[in-house]
Amino acid sequence: MRDIVSAARLEKNIESKTSSLFVSAMSIKKATLMDNGVQNGTSRNMLERCASVNEYFDVAFKVMLLGDSAVGKTCVLVRFKDGAFLGGNFIATVGIDFRNKVVTVDNMKVKLQIWDTAGQERFRSVTHAYYRDAQALLLLYDITRKASFDNIRAWLTEIYEYAQKDVVIMLLGNKSDMAAERVITHEEGEKLAKQYGVPFMETSAKTGVNVELAFQAIARELKHRNLQQPHEPKFKIHDYIDSQKQKSSCCRV
Amino acid sequence: MPDARMAADVHNKGVFWEVKNGNLAPSDRLRQDRSDSPTPGLVEGTEPGAGQEGAMFVHAQSFEDLTAVSESNTDDNSAEVGDSNLESAQEAALEGGEEESLEAEQEEVGKEEVQSRKKAKEEDVTSETWRSHRKHVFVLSEAGKPIYTRYGTEEALSSIMGVMMLLMSIVEDKKNIIRSIHADGYRVVFLRKSPLILVGVFQTNCSDRELTRELQYIYYQIVSLLTLTQLNHVFQHRQSYDLRRLLAGSEHLTDNLLRLLDRDPGLLLSAVMCLPLASSARDMVSSSLQAAKAKNLVFSILLAGNRLVTLVRKKDQFLHHMDLHLLFNLVGSSSSFRAGEGWTPICLPKFNPAGFFHAHISYLEPASDLCLILVSTDREDFFNLSDCKKRFLERLRRRNAYQSLQEALNMPSYPVSQVGIPELRHFVYKSKSSGLYTSPDLPAPYQGEEELERLMGLYQQLHSCLHNPTRLLRYIYRCADTENLYALVTSGFELYLCFSPLGTKSLAVSAVNKLLKWIRKEEDRLFILSPLTY
């Protein structure tokens, strides 16, 4: 049941054989890197036991969570990964935190390797170093804190500087459960997202609204990009989100 | 070691700094400190717990920082380590055209981060409760700007910090140094570590040296987050800079370190405690870790809570206890490493205050207490180290060592009754040459937080008596209301014993030999006798 992979960015893998475990943009195919695959398999079993998250997967992508400190990046991730909410005291992420989660998209197992980053300024240089590996970026702000929203432009500037050109970006306004403290309207968020041509939604790590959807949409988009069948229509992430979001918002109201 | 370099990641563009002497550490220090030792008898290198093949730590002395304090205080440049490498690193940092980017980011990121900090420690600074805290610590910049307070908010304390600054500068104006003020049961201790000023207000009868040592720890904690290079750079660039922006989210590290200083004898003794483990099991773990090496890996450290399981290091590179304690503190005060794999820059200030290492930090299992720290010089090394961890785990499981590790973890350390000395309640034994200490489980009377801190306070007083620079003691016996204490120091070890009030001095003296014999018998379980290198 070994997944057979060949890296789109082959040179990279060969150059760093030791890091064979991490295969960036992958597409299903035969094993051109046989030994690579073997190593991958054994190490993966290892991980399975110690992290209990790693099931079999067909394809893997790297996703990065970005945004100011205390906008809820870790909470969104934990909600998505474990279905729980980290209440209580705010504990700042140190540096970068790396976790995996496998999601299913059209009967295909997509493994998301998720980088949760610290929002603090002093960690900027570390996060920069890993931007270019990411295929998707979830950019978060806190709807109850204007500065975190105002900084989104600065974040996008950084993203354009450091990330891959074709990186999938999604803007998330988090803490949508805190209606009373809201200072950024849904429209403002939407407007900004439109300006930059990125999909947008409001999420709540506390209630779970749209969290799953955000990651699902990313996974779908990435999967379709990489494994596009000729007869398949192009996946439209905006439409997908709109259709799904509709559902959740009518449940909510 | 052609690739032994450290990234002095000063802000954005990552300034790389090639170390001139091809060594990771600042030149002149390590070797000399470790050199001369034995004369016959129970001396350094032959005491129970001494490593067989040399130590894995830099040989640290009590108050070693403080012996240099007077010079660095009068010295305006006050470069922490008077070392040309450091200076060149600073220059390198300044050269890059990064001033603008720093400026730009300042505007963008705004002050919101500071404000958003969880005000859990919000407390009315005019209230009686605020005043009654036993140990206050304040950090401010040389411009008098608040950087950290243990209780209350910095904003509320800016005038007090202004007064502290004023006190310091008035005295310094007369070419003098203010070290401490004693009044009404309080000690106010000042420590200037340019560009920072640390002030402690303590309700205690500990010596100034002990208190200054604690402030030193706080200083190094801050350096470990930013590097001294960046710290200097930031304040050279703008004297009135609000450092809390760069330190945002790290307050709990400093809070936790202050708690450790009250409770962990390791910080007092400049030593580290090992997890008691059969030597065969430890060797297996160590060699597995040794085998899982990578090019830029410098230290592999396996922790169990606040105890060391094993440490494997690059040949010729030694870790300092203080740096290890800072790593312990980082791991102990962050929950985020439990679920995933952490990757963070960290400066080990005693090793080299000018550059960042990069640490891969992860628990072996989410529910386990075993935490692996892999320290590399390369900031792009995450996946290499992640792979090292996997190889280590694999090897561990193949040899079934994981099981015995888990079992050792689940057992309490050891009760003092194992030693078989009546009236002995607790002890702390440090082997000087290995830099490791051992101590039994806390007995019932000291299990509460308050009681533990009281016991540690007693040890601390003994420690400062033994190491008083004007009157060095070899041993001290003290009768208190609720316990009798005996402490002694030789060139090979330091020992602190706590007896019930029924104990006598002659009993205490005779206990030492018995205890040393017992430790000798158990030493391969209690200590790491054969540290490994890659």
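Just so it is clear, glycine is given a Cβ too, placed from its N, Cα and C backbone atoms.
According to TrEMBL, the protein has these features:
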| type | residues | note |
| --- | --- | --- |
| COMPBIAS | B:96-107 | compositional bias 'Acidic residues' |
| COMPBIAS | B:108-124 | compositional bias 'Basic and acidic residues' |
| DOMAIN | B:135-257 | domain 'FUZ/MON1/HPS1 first Longin' |
| DOMAIN | B:295-393 | domain 'FUZ/MON1/HPS1 second Longin' |
| DOMAIN | B:423-523 | domain 'FUZ/MON1/HPS1 third Longin' |
| REGION | B:20-52 | region 'Disordered' |
| REGION | B:87-126 | region 'Disordered' |
Query raised in the report: Within the domain 'FUZ/MON1/HPS1 third Longin' (B:423-523), how many residues are helix, strand or coil going by DSSP?
Result: 40 helix, 29 strand, 32 coil
Query raised in the report: DSSP helix, strand and coil counts for the domain 'FUZ/MON1/HPS1 second Longin' (B:295-393)?
Result: 24 helix, 37 strand, 38 coil
Report task. Summarise the domain 'FUZ/MON1/HPS1 first Longin' (B:135-257) by DSSP state, stating how many residues are helix, strand and coil. Result -> 59 helix, 30 strand, 34 coil
Query raised in the report: So what pLDDT does the domain 'FUZ/MON1/HPS1 first Longin' (B:135-257) average out to?
Result: 92
